[in-house]
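Asker: Pulled these features from Swiss-Prot for this protein:
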REGION    12-34  region 'Disordered'
MOD_RES   S29  phosphoserine
MOD_RES   S46  phosphoserine
DOMAIN    61-179  domain 'PH'
DOMAIN    184-197  domain 'CRIB'
COMPBIAS  247-274  compositional bias 'Polar residues'
REGION    247-524  region 'Disordered'
COMPBIAS  279-296  compositional bias 'Low complexity'
COMPBIAS  297-307  compositional bias 'Polar residues'
COMPBIAS  308-319  compositional bias 'Low complexity'
COMPBIAS  323-343  compositional bias 'Polar residues'
MOD_RES   S351  phosphoserine
MOD_RES   S367  phosphoserine
COMPBIAS  372-387  compositional bias 'Low complexity'
COMPBIAS  396-408  compositional bias 'Pro residues'
COMPBIAS  418-435  compositional bias 'Low complexity'
MOD_RES   S425  phosphoserine
COMPBIAS  470-481  compositional bias 'Polar residues'
COMPBIAS  488-497  compositional bias 'Polar residues'
DOMAIN    546-825  domain 'Protein kinase'
BINDING   A552, G553, Q554, G555, A556, S557, G558, S559, V560, K594  ATP binding site
ACT_SITE  D693  active site, proton acceptor
Amino acid sequence: MSLSAAANKISDNDFQNIGPAPRPPSSNSQGRTCYNQTQPITKLMSQLDLTSASHLGTSTSKKKSGWVSYKDDGILSFIWQKRYLMLHDSYVALYKNDKQNDDAILKIPLTSIISVSRTQLKQYCFELVRCSDRNSVSSGSSSSLNVSSDSNSKKSIYIATKTESDLHSWLDAIFAKCPLLSGVSSPTNFTHKVHVGFDPETGSFVGMPTNWEKLLKHSRITGEDWNNNSAAVIQVLQFYQEYNGAGNPTNTLDKPQSGETSSSQKSLPNSYNDNKLRNNSVNSKSSSGVSSSMVSQRKTSQPPNTKSPVSLGSGSLPPINTKLPTSQSNIPRHLQNVPNQQYPKMRNGHSPTNGQFPRGPMHPNNSQRSLQQQQQQQQQQKQQHQQYPYHHQGPSPSPSPSPSPLNPYRPHHNMINPYSKQPQSPLSSQSTQNQAIPRYAQNSSPTAAHFQPQRTAPKPPISAPRAPYPSNQNATSNTHVQPVAPKNDQSTPQTMRQAPKRPDADVAQPGGVAKPKKPARPTMSTAEIMSKLKKVTVNADPSQCFKVIEKAGQGASGSVYLAERTHIPTESNMIELINNDIDEPHVGDKVAIKQMVLSKQPRKELIVNEILVMKDSRHKNIVNFLEAYLRTDDDLWVVMEFMEGGSLTDIIENSPTNDNSHSPLTEPQIAYIVRETCQGLKFLHDKHIIHRDIKSDNVLLDTRARVKITDFGFCARLTDKRSKRATMVGTPYWMAPEVVKQREYDEKIDVWSLGIMTIEMLEGEPPYLNEDPLKALYLIATNGTPKLKHPESLSLEIKRFLSVCLCVDVRYRASTEELLHHGFFNMACDPKDLTSLLEWKE
């Protein structure tokens, strides 16, 4: 027979792995006589142990042993049996006891074991899978493929140890001995990490969650930005998703809106009129797929004394006074029959479409035609939303009530509504169409919710970047001037802010990467809340103490009224308030009254917290809480100090010098306002309270040029046990970098916001207002200290002041105590020099 013929008869079974070869004979380790020497064997008989495993033909040395619990997938699969497990060189054996003389009840060759992995069937348990068909097992890597393909030949046994260390010890020992496992186990508890990158050829991001991809697709974040700081891009996306309602409807970014004021309310500050803004609707989603709540709404400029007469009727809440005017005589005819949910946005004469930036002015003579166009656009947006939910731009047909903040001055465009806890049921539509009813839940997509600046942005920059602040006295700045949108001299309606909007409760939240949810904080029961409210409220009928002058605004959970005090109660709570008050109340005082419906407040405990904070924070630079009345268990009246001058935002927007080449305010005026604000902040910080939402909207003035801080809905108190916070609240453009990066922070975030507010008064808007929402957050996180438009026109003192306020490193950022000693405040003007800024209200 030839060699080739013999080779054809060789089968795979002729080359089976029959185990290790027997050990060769070796000399005695103690130097004694070996067996191959010429000696009488009888002298060595005593040294022979016929039962020794070292002299057997096959290796049976024991490597590891111990007691375990065992069960298989056979007839007794429901019983865990106690067995003694032994690991030998060539097999694993299970015995009834630890005596090696007994036969094993189960012996598994190591060459038949194809898988060993931990299982949750029992604590400290692992599964051993073996192949029962010996013919299907072959050596090498190919054998595992053959065995795994034949599921019928597999059998499993489960072995449980007593401790975690025993479990890992057995796994390591079995892996090391089994030839088919190669010492590498199957993965356990693994997580699939998504690799995100940027493809320069296609210009798109790859390997990214779907909702992130849609956000970045139309944003201004470029591949260069990704390459420069990809971690910052991820932080921005996580920030946007986590705090824009992804998986949690409470974490929504409140959306500022604009509307029209009543000519009968010229004496009201726009902070009051801000509550009216909740009555008007705007498109809530930009065409980029990014939430339009950061789309700019500040007008570039506006001539003073240009108001469009609109009067608000009574709201859905019970009015305070039945004599409250509800006339429509001041409403333009073409607006009287406009349904509430089709009420257009008219700010600065612009009517943005699809949530984009305004493209051009709208002439007042064409307002009716523009209104019809907006209605058609909103109908188209609803149809588009049915096909493309991510690009929804119109309002939802059924608004849901959003809790109304306690402070009547509150402009309602903060990041997170502190009273929001869960989505509310939709409100029924009101029969009175001419009354502006707030529409809080107009965004049907969480990603379309509430991430929007408060002002109309100028045209995108076309010149070089702004120059940074000089770090020393000799620093010079030579930069190109960034153009700002031209001033609109046409007659436009007076503008204000509208209430935030919330995503609908029944809309599916977007997918993507999300952080683990933190456990919910325990909340007080209704009985506890009512008990605390009664302790801080006056037990009297407020309708007998105040005469309502006019209605300033309407919210989903309450109304705001301008009233005059007619009587001072004599209850003990009121006497205590009078004794602790800075200005004793008098009959005839003008006050602001916020009437709140408690049943429409999801988190009533925050109302109690805010009242307590305001009650303990009485200062000449803080809008003071006067008193509160719990009329019924569902009707709360909060009385606040009246600031007839309006907000700093209104003063900036209506300044006669607010144009491309001049600052809205002079440096002495800025120094005075910032100094007064800083004094109020120092008072709060000395009490370990962080305001967390300092901006021009929350700084109010009166006719005597007194400057006061308002809006304590987002304040937090620091303690020894919790000296820092990490909650993402506030308004994005005024946020410090550490807040955007989701790091812990302290009182110095208010100092950063104070510096941004100073830039507002210098340039008419905060930095990055004209940027895409995600790009703005990216720039805040990466650029740090923003750059000025015209640093060459500023004094050295104000640039030094900004440099210590806007220091990225918190360790070197000034405190409010240090700021009050800064030389910039030496140039502050007298209060009478601010009266010219209030002439636009006359």
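Backbone N, Cα and C atoms are what each Cβ position is placed from, and that goes for glycine too.
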Asker: Among all protein chains shown, how many Cβ atoms are found within 10 Å of the Cβ of A552 (ATP binding site), not counting that one?
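Answerer: I count 26 other Cβ atoms within 10 Å of it.
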Asker: Given V560 (ATP binding site) and D693 (active site, proton acceptor), what distance in Å do their CA atoms have, once rounded to a whole number?
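Answerer: Between the alpha carbons of V560 (ATP binding site) and D693 (active site, proton acceptor) there are 21 Å.
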Asker: Just the number: how many Å between the Cα atoms of G558 (ATP binding site) and D693 (active site, proton acceptor)?
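Answerer: A Cα-Cα distance of 22 Å.
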Asker: Sort G558 (ATP binding site) into helix, strand or coil using the DSSP assignment.
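Answerer: G558 (ATP binding site) sits in a strand per DSSP.
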Asker: G558 (ATP binding site) has how many other Cβ neighbours within 10 Å of its own Cβ?
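Answerer: Taking every protein chain into account, the count is 28.
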Asker: Mean pLDDT for the domain 'PH' (61-179), as a whole number?
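Answerer: Here the predicted model's pLDDT, averaged over the domain 'PH' (61-179), is 78.
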Asker: Hey, how far is D693 (active site, proton acceptor) from A552 (ATP binding site), Cα to Cα, in Å?
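Answerer: Cα-Cα, rounded: 23 Å.
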Asker: Under DSSP, is D693 (active site, proton acceptor) part of a helix or a strand, or is it coil?
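Answerer: For D693 (active site, proton acceptor) - judged by DSSP and reduced to three states - the answer is coil.
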Asker: Tell me, how many other CB atoms lie within 10 A of the CB of D693 (active site, proton acceptor), whichever protein chain they belong to?
Answerer: 28
